[in-house]
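A short worksheet on the structure shown next.
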Amino acid sequence: EDEFQSVLCEGCQKESPNLKLLTCLHTLCLNCLSENKPIGQCPVCQTAIPQASNTPGVDNKLFTNLQARLSTYKKIVNEADLFCDNCKKEAEFWCGDCEEFVCTKCFEAHQRYLKKDNHEAKRVAVIRTGSVSHFLESTRKANNFFCSNVAHKNETLSIYCKKCCKAMCCVCTLLDSKHAGQHCDISLEIQQRQDKLAALSQDLKEKRSSFESAHEALQSKAALLEQVRSKTRQQIRQCVEELVQLLRREEEELLTVVEKRWEQGCRVLAGELQYLDNVLQRMEAGKRLVQKMQLYGTDQEVMDMQPFIKASLEELQRLKEPLASSLAQPNRHFAECQAWLQAL
């Protein structure tokens, strides 16, 4: 399953017969390419997708062929109903060269007529017991592509022209007199290309280590950033909690001072009110006494009491009512608290 997943479209993770290999070396199907064309980026690594043509990249024939071979392997391993591609009977063999299932009877004919071509048909039961890697290696085809010239289309492309960078059959090579001396065996060219890719891969392996080091360094910084963030958040919460506790203590002290100032103000106001109440009571008593004296007092009583009453009334007249500014001011009692609160 892992092998099969590795050759799917890396965008939608689906099987597709039209896979394109981009310059970033990621493989996408045509649908994913069309979806990401307005964005202009590979959905896997965000590398810019060339917009010079409608279908950027090259056909990923490797992945397309691997998908077909892996599908065949999955059919065999899952013990699906396998039928001969010739007579539709139950298949017992698989020929990787023909890419066909064959029954026992057709296998005999297959071996008889294709023996010279070295076709190797294997039993399905044997394939089931092997690994997927072994199956893929055994079904890998060698030099089996043929010349495109219709005059000798059955000729195998076995020669490579270094001048025109083209694979040729033996007949084309004999006719290619202008590039004489520029030809080599195609298997040698293939091996050289494999070696070149292996060398580049080895160079990239060394370069990859430096990128991995940079990646690890960035991950360490990201982890450190997270640690600093967590520590700072904890410090903020702790500091705020301490401030809240400090404010609560200040609140209690302020409320205590407010209560004291309120009690002091109440006592002062009570004294002033009591004084005014007493004066008003004295005035009310003098008023009643004068009225009673006028209504009911005898001459003897007036003569005896008038000087005393007169002196008391004159004393009341000499009293001055307190001005509003001289009375107790509530705001003055709490001025200290207001200043404290403002400073806090």
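Count begins at 1; order follows the chain as displayed.
Glycine is no exception: its Cβ is also placed from the backbone N, Cα and C atoms.
Residues or ranges marked as coiled coil in TrEMBL: 190-260. Taken from TrEMBL, the feature domain 'RING-type' covers 9-46. Marked as domain 'B box-type' by TrEMBL: 79-124, 142-188.
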Problem set entry | Folded-back contacts onto the domain 'RING-type' (9-46), same chain, C-beta under 8 angstroms, at least six residues removed | 55-60, 63-64, 67, 71
For this session: Calculate the per-residue pLDDT averaged over the domain 'RING-type' (9-46) and state the result as an integer.
Result: 85
Problem set entry | the domain 'B box-type' (142-188), counted residue by residue under DSSP: helix, strand, coil | 15 helix, 11 strand, 21 coil
For this session: Could you give me the DSSP helix, strand and coil counts for the domain 'RING-type' (9-46)?
Result: 7 helix, 7 strand, 24 coil
